[in-house]
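A.B. asks: My structure is below; once you've seen it, I'll send some questions.
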Amino acid sequence: MLPIKVFSLSRIFVLLAIFRQIHAISINSSTFQVSNSFTLLNNASTLFPVPFDAYTKEYLRTSALLTCAKDSQFSASYFEAAFFPRNNTLFFNVEAQTIMSENITIKAELIAYGLNVYTKVFDLCGIQDNLLCPLKPGNIELMGSYYVEAAVASQIPSITYNIPDLDAYIVVTAYSTIDKEFTKPLACVQVMLSNGRTVQTEYLSWNLVILTISGIMFSVVYSLQGYTVTSTRLASYSISLLLYFQNLAILAMISVSFLPPIVAAWTQNFQWSMGIIRINFMQRLFDWYVVATSGSPTVVYRNKEVLSISVQKRSLNSKIISASSNLNGIESSQKNDLLYTSNLRNSNDYLSKILVLRGIKRVSYKAGIEISNFFLTGFSFFIIFICMIILAFIIFKTFLKVLQKFKVKTIRYLHFHTHWSALLQGTLYRAVFIIYSEISLLALWEFTQTDSAATLVEAIVVFILITVLLSSASVRIWRKMIKSKKIFGQPSYLLFSSSKFLNKFGFLSSQFKSTKVWWLMATSAHMLIRSILVGSLQAHGKSQSIGIFLNEAIYLILLCWMQPYMDKTTNFFNISIHSLNLVNAFFFLFFSNLFQQPIAVSSFMGLIFFFLNAAFSLYLFIFILICFTMAIYYKHPDTRYKPIDDQRRSFLKGEMDDDAVYESVPELHEMKKAVLECNGIQKPQINKIDLCKQNSNCEYLYM
């Protein structure tokens, strides 16, 4: 048996029936709620004979409550409770009010992962001290501890204290004693249980950040050293990995009806890929900025500890949520404007109701970011990212200049020294491609919020700017391929023979086959459609889920058909990622209640979602690490890879043009002039197309 027996319901009814959470915020429409403080843990420390930390490793607690009846005759201003199995002690602190004045019968149900695992019915008059029989109108204040018998506490499986993001809650319904058929509920409350374990961890997030950044940095380093093949593959793998992380983060922003706690926690680990990172001083700065630009900031997160539930006392024909309910019961109850609200701008509104936060609002709250600062947070990290790239290029160029002054050999990086401006533009184009999903979604979200005039203008400008930049780059690459194929009969020639064009746009095009560089436009369109669906349709969770599923399905079908990436390994890598993206989108069809399935189905699909994505993330992690290790191990890493069948290597110039080498180093330039003058030799003009026609092994002529 699970916690109902542990709590000895007849003895502690008040803990189950007179609930009110200190932060009455429904984090998503599944009524999952979050508390960032738990004062009873501190109060309990004075009662333990041994160090308190030894007892807090395992516990069940709750400070979250949802009213599941529209005409409940109970309300509470404060509620916290915790059970510690090491000494079988239950601590509680309750401040509640009631207008009931009759004998009450309680029906309590324990629901775990959508299944009713225990039901108990008892009469309040069975309580020994008889304080609640009959129940009288007025205030009720209880604070203390209760010892639970060891025989009862031992019935709780030990795994209950260790399952991360426990999906369990207690539904308590009050009836009049004369209502033997339980047809007219007087009150209903739902209490969420937690054991403090979660799969949301900063350690995982930072490891993924380091892995992704390392992949991109490795690709840049190998590119500067002339290992273009290795650089292209590392960059392609790292970007695909980052896009997978972004897809998980974006899925969490869909405004679904029920998001299992473990799914919400796991996807929160990837919000950094969307620039959603909390830094305290930045949040204070954003608060000031919104106010200074005549905006109306939200104060939900800052006031989370004083928000409360005020239950309306009107007959609204409520529907009680039970274990046998599907998500329709939750959806219908949350459409009641007298009990629930999603209005973030009216503090008087959500101080008297349950504030339902779905999709982007839920993600923002769980990240510790005020909802009116959501766009500014992601936008600021985009600006910081761009500035860091520019600063890194300037510092590296200055460093090379200093080395040259001290006559240190820097010939290995002469390509960067000569073409640093074009390389910087190319890196910025790559950055725009990486963050396009983030900025387009945040900007479209801001269009619907208008936190202030300044933030709206910034959203419009940055959205238009990055869309135009990425679109123009995609079109230029596609037109260059068409022109090359038309004039030379080789789509690769103009794409790879011009150092300026390659340095500027090669970061975008080199991961694709030369005949399939137009796939960049397809990828950009896929990201834009996803951003439109998630950013603009937050009030329509089912439409979002259907649109995302169709978008992923069409993209995957075309990807499998066209196979546009440079080789089989890269195609397989990307197909596997987008296959899982499609499966994840399918899960969210269930979470949106499109099929009106029982809650248990959604709960167990949430577990499958977590294990599937955790295993796949581990596979990607190992795959990328192996690629890094092999690149470092080989002295010439390009020799590991088979030549790409579009003959691009035939048209790639060396590390740099001969003239550029000599002109970059004055001593070599003067030596070259002297040798040519003495020998009367002029540099021959080589037609690479003619040579390629004459030599079947032309693919390796210009390596």
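A Cβ is built for glycine as well, from the same backbone N, Cα and C atoms used for every other residue.
Quick paste from Swiss-Prot:
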SIGNAL    1-24  signal peptide
TOPO_DOM  25-203  topological domain 'Extracellular'
CARBOHYD  N28  N-linked glycosylation site
CARBOHYD  N43  N-linked glycosylation site
CARBOHYD  N87  N-linked glycosylation site
CARBOHYD  N103  N-linked glycosylation site
TRANSMEM  204-224  transmembrane segment
TOPO_DOM  225-238  topological domain 'Cytoplasmic'
TRANSMEM  239-259  transmembrane segment
TOPO_DOM  260-374  topological domain 'Extracellular'
TRANSMEM  375-395  transmembrane segment
TOPO_DOM  396-415  topological domain 'Cytoplasmic'
TRANSMEM  416-438  transmembrane segment
TOPO_DOM  439-452  topological domain 'Extracellular'
TRANSMEM  453-473  transmembrane segment
TOPO_DOM  474-516  topological domain 'Cytoplasmic'
TRANSMEM  517-537  transmembrane segment
TOPO_DOM  538-545  topological domain 'Extracellular'
TRANSMEM  546-566  transmembrane segment
TOPO_DOM  567-571  topological domain 'Cytoplasmic'
TRANSMEM  572-592  transmembrane segment
TOPO_DOM  593-605  topological domain 'Extracellular'
TRANSMEM  606-626  transmembrane segment
TOPO_DOM  627-703  topological domain 'Cytoplasmic'
A.B. asks: Answer with yes or no whether the transmembrane segment (204-224) touches the transmembrane segment (239-259) by the criterion of at least three Cβ pairs under 8 A, sequence separation 6 or more.
C.D. replies: yes
A.B. asks: Same chain, outside the topological domain 'Extracellular' (538-545) by at least 6, Cβ under 8 Å from its Cβ: which residues?
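C.D. replies: Contacts of the topological domain 'Extracellular' (538-545) (Cβ under 8 Å, skipping residues fewer than 6 from its ends): 254-257, 358-361, 445, 448, 585, 588-589, 591-594.
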A.B. asks: Can you find at least 3 Cβ pairs under 8 Å between the transmembrane segment (204-224) and the transmembrane segment (546-566), where each pair is 6 or more residues apart in sequence?
C.D. replies: no
A.B. asks: What are the non-local neighbours of N103 (N-linked glycosylation site), defined as same-chain residues 6+ apart in sequence with CB under 8 A from its CB?
C.D. replies: D123, L124, C125, C133, P134, L135, S176, T177
A.B. asks: Do you know the DSSP helix, strand and coil residue counts for the topological domain 'Cytoplasmic' (225-238)?
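C.D. replies: Taking each residue of the topological domain 'Cytoplasmic' (225-238) in turn, the totals are 11 helix, 0 strand, 3 coil.
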A.B. asks: Can you tell me which of 375-395, 546-566, 606-626 gets the most C-beta pairs within less than 8 Å of the transmembrane segment (517-537)?
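C.D. replies: Maximum Cβ contact count belongs to 546-566.
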A.B. asks: By DSSP, how many residues in the topological domain 'Cytoplasmic' (474-516) are helix, how many strand, and how many coil?
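C.D. replies: Across the topological domain 'Cytoplasmic' (474-516), the residues distribute as 34 helix, 1 strand, 8 coil.
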A.B. asks: N87 (N-linked glycosylation site) has how many other Cβ neighbours within 10 Å of its own Cβ?
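C.D. replies: Its Cβ has 17 other Cβ atoms within 10 Å.
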